[in-house]
Amino acid sequence: MQKLSKIWYSLIAGLATLFFIAGIPMISHAEETTFTAEEIKNFSIDAKAAFSVDFDTGKILYDQEGETPMGIASVTKIISLYLVAEQVKEGKLTWEDPVEISQYAADLSVTPDLSNVPLHRDVQYTVKDLYEASYIQSANAAVVALAEKIAGSEPAFVDQMKDKLTEWGITDAKIVNASGLNNTYLGENLYPGSTSTDENELSAKDVAIVARHLLQDFPEVLEVTSTVTKTFGEGSYSPVEMVNWNWMLPGFINAKDGVDGLKTGTTDLAGACFVGTAVRDGQRIITVVLNVNGHAENPSVRFTETGKLMDYSFDAWEQVPILSAGDQLADTKTVAVKNGKELTVPIAVKNDLSVWVRKDMDPKDFTTTIDYNKTMNEETVSAPVAKGTDLGKVTATIPADTLGYMDGSKEVPTTELITTKAVEKANIFVIGWRSVANFFTNLF
């Protein structure tokens, strides 16, 4: 959470803090929803953009204006904090390294209406302290202090953020600071070329790409993002009880089973945003909602809409087996063999193959595509041929599915195409006779 100007937030956040300190649970456990084919056809999220993806396979499960860049507010912090975790992994930082607090960060930490923990220049904070505060409390000054620790200045850190996004194939991002704040709050600390009213912008799909990299490379981050409450500055003269802004975690008003992250964000420009993740029956998904409608009247709406999107993503889609290991393709059962005792060799898929199918789609309507190896000459293999020879790849798709995968064709379901028997090379007399026969056949 970034800007806290709405009275709702002050009231509910205060109640949440009191309830957790007192050990009193708030309303919890949103019910799971199942969807009919008709409901799937008419499904929508009440937000400017929404997106969901299966974490393991990269299958896009929902896309509503997912490629349109727009404000992301404090969701920005998952980029910044990825870089922090990366620095630790590479040995350039340790979690216990002290972080010097600049006057800029100290002043920002006590700016009214912003989500923060107070930072004092005479108190020693560790990388871990500020990392956790950035996630749990969405502390803006904490992530700025980390940016300065890593790059020397926030603008220099922004360059690193941009480089990382480019590395991930994200080319339409607008990044002007490390926190996701509107530049209005940064004073003279603006990124070169940006204006005093600029904010960070990414598409919902871009946010999902970042979140997926974060969970792939640093799955331990979920231990932090699932933390409901924690004391910041414990033992100092100004400890603060942090309460997570993710109200889908256990004990909160919008709690939902399986949710363990990730990050909220709110500004006037971006509206209410949330990148979430949840696990159900062993499947993890990532969801993104940007600029959810009705937020001013109902601060829970980003979470109720996310809950709908999670239920849809889990229930509307399933992986359906379409081929088993050893199955032959309907229209390609053999390939030609050059100079073999036999002129053809039977082929089949090496492994089981499944496709993602939505409830309103027919799994029987799948299509397969063969991509033969470069060693194949005009779909012909040269003898001798061993059993199990890898001839290429088979990919399967459902034509009705236009959503595809996060990384394009690289993540489409694929298996090897192999020979199912051996073919020996014919002797020289047979090869010679075939050449003569082919000559006269082609002649006439």
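Going from the start of the chain as shown, residues are counted 1 onward.
Using the three backbone atoms N, Cα and C, a Cβ is placed for every residue, glycine included.
According to TrEMBL, the active site, acyl-ester intermediate annotation covers S74. The feature active site, proton acceptor is assigned by TrEMBL to K77. Annotated active site per TrEMBL: S138, in sequence order. Annotation source TrEMBL lists substrate binding site at K263. Summarising the annotation, TrEMBL assigns domain 'Peptidase S11 D-Ala-D-Ala carboxypeptidase A C-terminal' to 317-425.
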Cα distance, the residue listed as 'active site, acyl-ester intermediate' to the residue listed as 'substrate binding site', nearest Å?
7
Could you break down the residues of the domain 'Peptidase S11 D-Ala-D-Ala carboxypeptidase A C-terminal' (317-425) into DSSP helix, strand and coil, giving a count for each?
7 helix, 54 strand, 48 coil
Would you mind giving the whole-number mean pLDDT across the domain 'Peptidase S11 D-Ala-D-Ala carboxypeptidase A C-terminal' (317-425)?
92
What count of other C-beta atoms do you get within 10 angstroms of the C-beta of S138 (active site), across all chains shown?
30
Neighbouring C-beta atoms (10 Å sphere around the C-beta of the residue listed as 'active site, proton acceptor'):
28
Here the Cα-Cα span from K77 (active site, proton acceptor) to the residue listed as 'active site', rounded to a whole number of angstrom, reaches 8
C-beta crowding around S74 (active site, acyl-ester intermediate), within 10 angstroms
30
In whole Å, how far is the residue listed as 'active site, acyl-ester intermediate' from S138 (active site) when you measure between their Cα atoms?
7
